[in-house]
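I have placed the structure first, in the form of structure tokens, so that the comments after it can refer back to it.
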Amino acid sequence: MIALGLEGSANKLGVGLIRHDMTTTPPTVTILANLRHTYHPPPGEGFLPKDTAQHHRSHILQLVKDAMAEGNITPKDISVICFTKGPGMGGPLTSVATVARTLALMWNKELVGVNHCVGHIEMGRQITGAENPVVLYVSGGNTQVIAYAEKRYRIFGEALDIAVGNCLDRFARVLNLPNDPAPGYNIEQLAKQGTKLLDLPYTVKGMDVSFSGVLTYIETNAPALLASGEYTAADLCFSLQETVFAMLVETTERAMAHIGSKEVLIVGGVGCNKRLQEMMDQMASQRDGKVFATDERFCIDNGIMIAQAGILAYQTGYTTPLEKTWCTQRFRTDEVFVAWRE
Amino acid sequence: MATPALNERLTLQIPLPSPRLAKIAADVLDVDKDLKPEVSRRLISTQDNILTLDFQTSTLKLLRTVVNSSLEMVQMVVSTMASFDTESGEP
């Protein structure tokens, strides 16, 4: 069984092809293609919906062609077409969904609308083999602490205002860091040269976290701190990372304690951050636990995770009828009935 | 507040290569419903190979916006068809 997966909820456009060989138990999973094209705005700017949608429309057809060529796949080989239904940015999501629908009708294939967060979780599980971890899903658009229970990915805690990646990305604009390959990546590299820790607001609220306050604080004070020579840009990046990551580690630990889990799976673009992985690992080791993370092929938004989550749903008999293939900016992780797990 | 009259109108008739493709285009586009039907409405229909989009809005600015975004999606559908249609024999 082969699934085509199309992802475009933010500035990353991803196309993936995955095969599930159903003759083995469990099925053998092979990644046939996992291609991505990213929209980078100029330094100091963020990506806006209209430009992002246009980027996706400009690149998606070639990306699909390239993916099929790389996987040596023709339309008749494809069992199901999966696409991101939400959450994310409206125009970009709809641009990609439009292609999915068109292909499905031309080729006479079923469609599966996938929840972007569930895509991240399922790809993380597939790649790392983590059994039943607490999942920390951290990206530019989402920050959630998730654990599976009775057919749903339950949200134990989340960011109350902006995602941690959004906080980092917007601070990168203040420093005028390049957006290529990603603002968060450039903050991570610069932070490695930081040595001085600035005391920043630390806002954990029970199981939840808040980032807009610490962002406002550092945005407001950075110019003066840098001008005074007291702190370098590297020191500020270092301080911001240490603070927000500590907040994430705390809430993840709280969830682990709550459900008695010894595994942490970090997914989402911010999950690529080695410092976050290191801090999480220190906490997990103290609890005799283990951290699972993937590399940039899978933690950054991609099409293969959509194909994976989609094909798992498809195998339980789930499809999305055409009239329901609209996209939505808000789509809670626990709205999905996880029929494919016990 | 009374519902504004939808006095601004535009009709687009777009020929597709075949009735089949016109129907597919109509079905794909019609999934996305009007965001604010009280001020902007789009009706999609086909006649043989002609895809017809009827727009009715309360203001000229809304008309321009909805027509532009619809055309962006039409362009996406049409270019997807040009690249990937299998019925013409191309894989």
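Positions of Cβ are set from backbone N, Cα and C atoms, glycine also.
As the structure is a computational prediction, the values presented were derived from the model and not from experiment.
According to TrEMBL, the feature domain 'Gcp-like' maps to A:36-307. The divalent metal cation binding site annotation in TrEMBL covers A:His116, A:His120, A:Tyr137, A:Asp301. Annotated substrate binding site per TrEMBL: A:Tyr137, A:Val138, A:Ser139, A:Gly140, A:Gly141, A:Asp169, A:Gly184, A:Glu188, A:Asn273, in sequence order.
Recorded residues A:Asp301 (divalent metal cation binding site) and A:Gly184 (substrate binding site) have their alpha carbons 14 Å apart, per Cα-Cα distance. Listed in sequence order, A:Tyr137, A:Ser139, A:Val267, A:Gly268, A:Cys299, A:Met305 are the same-chain residues at least 6 apart in sequence whose CB falls under 8 Å from the CB of A:His120 (divalent metal cation binding site). Same-chain residues at least 6 positions away in sequence with a Cβ under 8 Å from that of A:Gly141 (substrate binding site) are, in sequence order, A:Ser9, A:Ala10, A:Pro87, A:Gly88, A:Ala163, A:Gly165, A:Asn166. Overall, the recorded substrate-binding residues A:Tyr137, A:Val138, A:Ser139, A:Gly140, A:Gly141, A:Asp169, A:Gly184, A:Glu188, A:Asn273 cover a maximum inter-Cα distance of 18 Å.
All chains included, 27 other C-beta atoms sit within 10 angstroms of the C-beta of A:Tyr137 (divalent metal cation binding site). Distance noted between the C-alpha atoms of A:Asn273 (substrate binding site) and A:His116 (divalent metal cation binding site) is 20 Å. For A:His116 (divalent metal cation binding site), the same-chain residues that are 6 or more apart in sequence and have a Cβ closer than 8 Å to its Cβ are A:Glu7, A:Ser9, A:Thr84, A:Gly86, A:Pro87, A:Gly88, A:Asn142, A:Asp301, A:Ile306, A:Phe331. Non-local contacts of A:Gly184 (substrate binding site) by the CB criterion (under 8 A, 6+ apart in sequence, same chain) comprise A:Gly140, A:Gly165, A:Leu168, A:Asp169, A:Ala172, A:Gly269, A:Val270, A:Cys272, A:Asn273. A mean pLDDT of 97 is what the model gives for the domain 'Gcp-like' (A:36-307). According to its DSSP assignment, A:Ser139 (substrate binding site) is coil.
The binding-site residues under consideration are A:Ser139, A:Asn273. Their Cβ neighbour counts within 10 Å are lowest for A:Asn273. Within 8 A of the CB centroid of the divalent metal cation site residues A:His116, A:His120, A:Tyr137, A:Asp301, the other residues of that chain are A:Ser9, A:Cys117, A:Gly119, A:Ile121, A:Ser139, A:Asn142, A:Val267, A:Gly268, A:Met305.
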